[in-house]
Amino acid sequence: MEDNNMLPQFIHGILSTSHSLFTRSIQELDEGATTPYDYDDGEPCHKTSVKQIGAWILPPLYSLVFIFGFVGNMLVIIILIGCKKLKSMTDIYLLNLAISDLLFLLTLPFWAHYAANEWVFGNIMCKVFTGLYHIGYFGGIFFIILLTIDRYLAIVHAVFALKARTVTFGVITSVVTWVVAVFASLPGIIFTKSKQDDHHYTCGPYFTQLWKNFQTIMRNILSLILPLLVMVICYSGILHTLFRCRNEKKRHRAVRLIFAIMIVYFLFWTPYNIVLFLTTFQESLGMSNCVIDKHLDQAMQVTETLGMTHCCINPVIYAFVGEKFRRYLSIFFRKHIAKRLCKQCPVFYRETADRVSSTFTPSTGEQEVSVGL
């Protein structure tokens, strides 16, 4: 019997100790939020957990996400700047998407430490890392939208795209996008603070009920409804155009990438946004009881952790799917990694570089990033 009880305790310990910048604002950290006796039966709702087990599991999990995401996005940045030289608007958006993921990822080591211990970095750093987390989160969403619009212009309005899709315009729209991401992150930054609670320090937002509702609605609009509308409209036009394309190989490659973008993004982030909405408005929806509250609390931790892993997938979807991008990556490793291991192969490197440069012209490169990245 004792062994049978270990698995549920193990799982519950992982779920209940996961750090969440968003969920604390809608649970026990709100000022004026639900108290243990606010439920209809008048009984206290004790959210017990096996915190030591979660403290063992979550730091390695966050660390793995950080390592894989950091390496993948740094490779994207190196290839875009060092090899592709940022020659198109698509390159600009891909670069900024990788930067968004890096901002998000840089906070994970600190949340890993927080999951195992109390918050020891002070109030200022609590706000700083919360800001980086939110800015990276919103920035990633907005640049996914810009990449979708960029793809739409390149395929559906190819003539207009020749004039509109410039590096200069890409830089301008990227700056505006970062400004919007900062403004979208302000509520989370302003209401977040570190305070002592039950003899240990925490870091999380302390929203009033009004701001809590506003934050949840804004997040669902910006990170779920808006991307969904843009993707449905743009990809409908893209698919209609591609199905008339005579180049069967190019058409299938582009369609595969488009569906990967849609499915992966919504697969990783839609569950979180739904649970966030249900948790915030559970009382209005008639779901205010201890059992449901516990299940939503656990679901919130799982879905946010799932969403956090999306930053590891972005380099694969937006960069490494492209055939010529993979060739650039291969050349980079052979020149800068393998060359240090084998310094007697200069002819091999020169032949590889000549072969790729002969197949990658400005026109073919632009077609690659426009259709298949």
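Note: Cβ is positioned from N, Cα and C throughout, glycine not excepted.
Within 10 Å of the C-beta of C126 (disulfide bond) there are 24 other C-beta atoms, taking all protein chains into account. Feature annotation from Swiss-Prot assigns disulfide bond to C126-C203.
Spatially close to Y152 (phosphotyrosine) yet at least six residues away along the chain are C234, Y235, G237, I238, judged by Cβ distances under 8 angstroms. Residues or ranges marked as phosphotyrosine by Swiss-Prot: Y152.
As annotated by Swiss-Prot, topological domain 'Extracellular' applies to 1-55 (among others).
Helix, strand and coil residue tallies for the topological domain 'Cytoplasmic' (84-93), in that order: 5 helix, 0 strand, 5 coil [DSSP]. The topological domain 'Cytoplasmic' annotation in Swiss-Prot covers 84-93 (among others) and is backed by sequence analysis.
Here Swiss-Prot flags 115-127 (among others) as topological domain 'Extracellular', drawing on sequence analysis.
Residues or ranges marked as topological domain 'Cytoplasmic' in Swiss-Prot: 150-166 (among others). In the topological domain 'Cytoplasmic' (150-166), the DSSP tally of helix, strand and coil residues is 14 helix, 0 strand, 3 coil.
Here Swiss-Prot flags 192-219 (among others) as topological domain 'Extracellular', drawing on sequence analysis. According to DSSP, the topological domain 'Extracellular' (192-219) comprises 11 helix, 12 strand, 5 coil.
Marked as topological domain 'Cytoplasmic' by Swiss-Prot on the basis of sequence analysis: 240-256 (among others).
Annotation source Swiss-Prot lists topological domain 'Extracellular' at 282-298 (among others). When averaged over the topological domain 'Extracellular' (282-298), pLDDT in the model lands at 76.
For 323-373 (among others), the entry in Swiss-Prot reads topological domain 'Cytoplasmic'.
Summarising the annotation, Swiss-Prot assigns transmembrane segment to 56-83 (among others).
What Swiss-Prot lists as transmembrane segment is 94-114 (among others), and the listing cites sequence analysis.
Sequence-remote contacts of a segment are chain residues at least 6 beyond its ends whose Cβ falls under 8 Å from one of its Cβ atoms, and for the transmembrane segment (128-149) they are 21, 90, 93-94, 96-97, 99-107, 110-111, 121, 173-174, 177-178, 180-182, 184-185, 188-189, 192, 203, 205, 222-223, 226-227, 230-231, 234-235, 261, 265, 310-311, 314, 318. Residues or ranges marked as transmembrane segment in Swiss-Prot: 128-149 (among others).
Outside the transmembrane segment (167-191) by six or more residues, the chain places 21-22, 25, 86-93, 96, 100, 127, 130-131, 134-135, 137-139, 142-143, 146, 205-207, 211, 214-215, 218, 222 with a CB less than 8 A from a CB of the stretch. Marked as transmembrane segment by Swiss-Prot: 167-191 (among others).
The annotation transmembrane segment is assigned in Swiss-Prot to 220-239 (among others).
If you look up Swiss-Prot, you'll see 257-281 (among others) marked as transmembrane segment, on the strength of sequence analysis.
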Sequence-distant residues near the transmembrane segment (220-239) by C-beta distance (under 8 Å, 6 or more away from its ends) are 137-138, 141, 144-145, 148-149, 151-152, 155-156, 184, 254-255, 258, 261-262, 265-266, 269-270, 273, 276-277
Residues near C203 (disulfide bond) by Cβ (under 8 Å) yet at least 6 apart in sequence within the same chain, in sequence order, are Y114, W119, F121, C126, F129, T130, T192, K193, S194
Is the transmembrane segment (94-114) packed against any residues at least 6 beyond its ends, judged by a Cβ distance under 8 Å, and which are they? 19, 58-59, 62-63, 65-66, 69-70, 73-74, 76-77, 80-81, 86, 120-121, 125, 129-130, 132-133, 135-137, 139-140, 143-144, 147, 174, 177-178, 181, 203, 308, 311, 314-315, 318-319, 373
List the helix, strand and coil residue totals of the topological domain 'Extracellular' (115-127) as derived from DSSP. 8 helix, 0 strand, 5 coil
